[in-house]
Amino acid sequence: MEIASGPSSRRHSGRLPHIHKVERPPKQNLLRDIQDSLKETFFSDEPLRPYKDQPGPRKFLLFLQHFFPILEWGRTYNLSKFKGDLIAGLTIASLCVPQDIAYAKLANLEPQYGLYSSFVPPLIYAFMGSSRDIAIGPVAVVSLLLGTLLQNEIPDSQANKLAYRRLAFTATFFAGITQFALGFFRLGFLIDFLSHAAIVGFMAGAAVTIALQQLKGLLGIKNFTKKTDIVSVMRSVWSAAHHGWNWQTMVIGLSFLAFLLFTKYIGKKNKKFFWVAAIAPLSSVVIATFFVGITHAEKQGVSIVRHIDRGINPSSFHEIHWTGEFLLKGLRIGVVAGMVALTEAVAIGRTFAAMKDYQLDGNKEMVALGSMNIVGSMTSCYVATGSFSRSAVNFMAGCKTAVSNIVMSCVVLLTLVLITPLFKYTPNAVLASIIIAAVVGLVDIGAVILLWKIDKFDFVACMGAFFGVIFKSVEIGLLIAVAISFAKILLQVTRPRTALLGKLPGTNVYRNVEQYSNATTVPGILIIRVDSAIYFSNSNYIKERILRWLGNEEEEAKKLNQSGIQFIVIEMSPVTDIDTSGIHSFEELHKTLQNRELQLVLANPAPIVIEKLYESKFVNLIGEDNIFLSVADAVTTLTPKTQEPA
């Protein structure tokens with residue numbers, strides 16, 4: 001075996017030829033370091049790589065394909081793919097039309113605005129999006145969130161329809177700007193700070209809140225609270241029990257809710273019958289509208305839609321607030337709604353991309369989603385994003401490309417131009433049952449149980465977000481979700497794990513003694529592994545934790561009448577970086593150990609770590625001979641010294 005040169009190897013070359021010195025890496029240029037850091041942060045996917053060594057026209061084409069992926073996959077599009085997209089598009093259209101009308105009511109907007117939002121945005125996304133499976137349109141959670149935030153600013157949306165609508169379009173514009181900016185400036189990693197556990201809890205809480213809100217339509221209650229917390233909603237429901245419930249409405253709502261849930265069960269039980277659940281909402285609307293129309297049940301107190309404006313999206317550019325106090329209010333609401341919509345869409349896109357084994361460009365998705373919402377805000381749409389229920393149907397229906405969104409948009413266009421008057425007698429109870437059936441899938445009990453089994457802190461984060469939504473409000477639940485996510489990050493950074501290592505019998509492998517019961521500690525040598533980079537935020541804790549390990553081991557050695565600790569070996573394999581505060585803490589630790597006549601030893605420091613230790617002169621402080629390539633090398637070298645007489 002090759003023997004490295006240097007002080008350490010010379011000292012052991014005759015007796016321990018297998019001991020290698022930890023070499024200092026080549027000194028890095030500061031500018032190059034900064035460039036590498038920026039590249040890994042913002043350009044880890046190497047977006048400019050395809051342009052390398054390409055002629056000018058080819059570079060221009062690649063540039064266009066980057067922003068309009070349809071130019072790339074459209075070249076290989078054929079009739080076979082269109083058949084799959086046509087079937088998928090028609091299927092999701094049958095699902096989206098009744099959902100759009102219902103979701104618009106969640107946002108406290110008139111029904112046609114839900115349909116508008118499933119016409120223009122999907123067309124824009126089809127040209128700019130990189131996902132083959134996402135179905136675009138309004139979704140329940142974002143509709144509720146937007147409606148709640150807008151109502152906080154304009155409480156009476158019915159009396160101030162124009163002002164409310166203008167603020168909705170302004171918020172949608174800024175939601176799009178937020179999404180576009182995150183993608184264009186490659187800041188998509190920011191949405192990853194919202195943990196999966198917090199999202200599960202937030203979505204479940206929002207689903208419960210949305211379902212509770214539908215009790216108004218399901219039970220035929222006229223005077224209903226505008227608050228979203230469970231206490232206010234249930235108080236409103238029970239206070240209307242004796243005089244406010246309409247039995248005809250209840251029969252309609254509960255009957256169709258049972259029907260919709262049954263079809264969802266069939267679709268889940270047998271994937272071949274997914275279409276049954278997909279067409280069930282539209283079937284429910286058609287049947288309920290027909291019977292209410294011929295019986296005139298509205299005269300018996302059954303609430304109906306009454307009117308949906310006919311025609312395609314009117315321009316709303318002039319309705320967006322470009323100045324004034326509502327500009328800032330729209331900005332604040334738009335940023336929140338845009339981030340939630342973005343998180344949901346990216347999560348859905350990644351899920352289906354993994355199923356079909358293709359890559360999804362997150363930043364490109366954000367640009368596409370932002371562009372469609374910017375254009376949508378100017379064409380009477382409110383915030384649209386990827387819908388999980390529609391995307392799942394789109395996937396199971398055999399979609400091949402984003403053309404399925406174009407097909408869906410065409411059907412919505414026909415609906416707006418020709419069919420909207422037919423929805424006049426649609427009972428609101430059916431729309432309520434459609435919403436409830438749609439949000440049931442957002443409550444993922446299996447995921448919550450898994451969180452409890454795997455990580456109790458994740459479970460607490462999930463429950464915090466859940467209870468925040470249902471007992472206070474959607475925005476408070478979202479705030480709790482974000483706060484807990486950041487708290488977890490801070491906790492992991494400031495309180496990293498450390499482990500006491502022991503040797504596995506018959507090997508030179510050293511592992512955590514708590515994980516491996518047969519791992520034995522080495523007499524006179526304390527081996528500790530630090531499982532984190534060492535920064536100003538955790539350096540003092542790590543130093544104190546090492547000294548605590550030392551105190552515990554010395555007490556244990558006294559009880560067993562064993563020799564005391566002479567060397568502290570820090571296994572630094574997981575330590576990816578160290579800053580000046582970390583080095584300063586190591587200097588203090590070294591000084592403390594020297595006062596106790598103990599020696600600090602390091603094993604396997606990373607290149608960036610050893611470079612900083614050299615630059616700070618810390619290597620000179622502890623000596624090059626006390627830095628080893630591995631724990632095994634350190635123990636082999638130090639064990640004879642522990643047996644020398646004091």
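Here the Cβ of each residue, glycine as well, is placed from N, Cα and C on the backbone.
Look at TrEMBL and you will find 9-19 tagged as compositional bias 'Basic residues'.
The domain 'STAS' annotation in TrEMBL covers 515-638. Predicted-model confidence for the domain 'STAS' (515-638) is 92, expressed as mean pLDDT.
Residues or ranges marked as region 'Disordered' by TrEMBL: 1-22.
Residues or ranges marked as transmembrane segment in TrEMBL: 124-146 (among others).
Per TrEMBL, the feature transmembrane segment maps to 167-187 (among others).
The transmembrane segment annotation in TrEMBL covers 193-212 (among others).
The annotation transmembrane segment is assigned in TrEMBL to 245-267 (among others).
Marked as transmembrane segment by TrEMBL: 273-294 (among others).
Per TrEMBL, the feature transmembrane segment maps to 333-354 (among others).
If you look up TrEMBL, you'll see 366-385 (among others) marked as transmembrane segment.
Feature annotation from TrEMBL assigns transmembrane segment to 406-423 (among others). Beyond the ends of the transmembrane segment (406-423), by six or more residues, the same chain brings 85-86, 88-90, 92-93, 96-97, 100-101, 111-112, 115-116, 118-120, 122-123, 126, 135, 137, 285, 289, 305, 308-313 to within a C-beta distance below 8 angstroms of the stretch.
Same-chain residues lying 6 or more positions outside the transmembrane segment (429-452) and placing a CB less than 8 Å from one of its CB atoms are 98-99, 101-103, 105-106, 140-141, 197, 200-201, 203-204, 206-208, 210-211, 214-218, 220, 249-250, 252-254, 256-257, 260-261, 264, 281, 284-285, 288-289, 302-303, 305, 388-389, 458-459, 462. Annotated transmembrane segment per TrEMBL: 429-452 (among others), in sequence order.
Annotation source TrEMBL lists transmembrane segment at 459-487 (among others). Beyond its flanks by at least six residues, the transmembrane segment (459-487) meets 144-145, 148-149, 193-195, 197-202, 204-206, 208-209, 212, 227-231, 336, 340, 448, 451-452 of its own chain at Cβ-Cβ distances under 8 Å.
Taking every listed stretch (167-187, 193-212, 273-294, 333-354, 366-385) in turn, the largest tally of C-beta pairs under 8 A with the transmembrane segment (124-146) is reached by 366-385. Contact counts against the transmembrane segment (273-294), taken as Cβ pairs under 8 Å, peak for 245-267 among the stretches 167-187, 193-212, 245-267, 333-354, 366-385. Among the recorded stretches 167-187, 245-267, 333-354, 366-385, the one sharing the largest number of Cβ pairs closer than 8 Å with the transmembrane segment (193-212) is 333-354.
Within the domain 'STAS' (515-638), the DSSP-based counts of helix, strand and coil residues read 62 helix, 22 strand, 40 coil. Sequence-distant contacts of the transmembrane segment (366-385) (same chain, at least 6 residues past either end, Cβ-Cβ under 8 Å): 67, 104, 107, 109, 113, 116-122, 124-125, 128-130, 136-139, 142-143, 146, 168-173, 175-184, 188, 313-317, 320, 334, 337-338, 341-342, 344-346.
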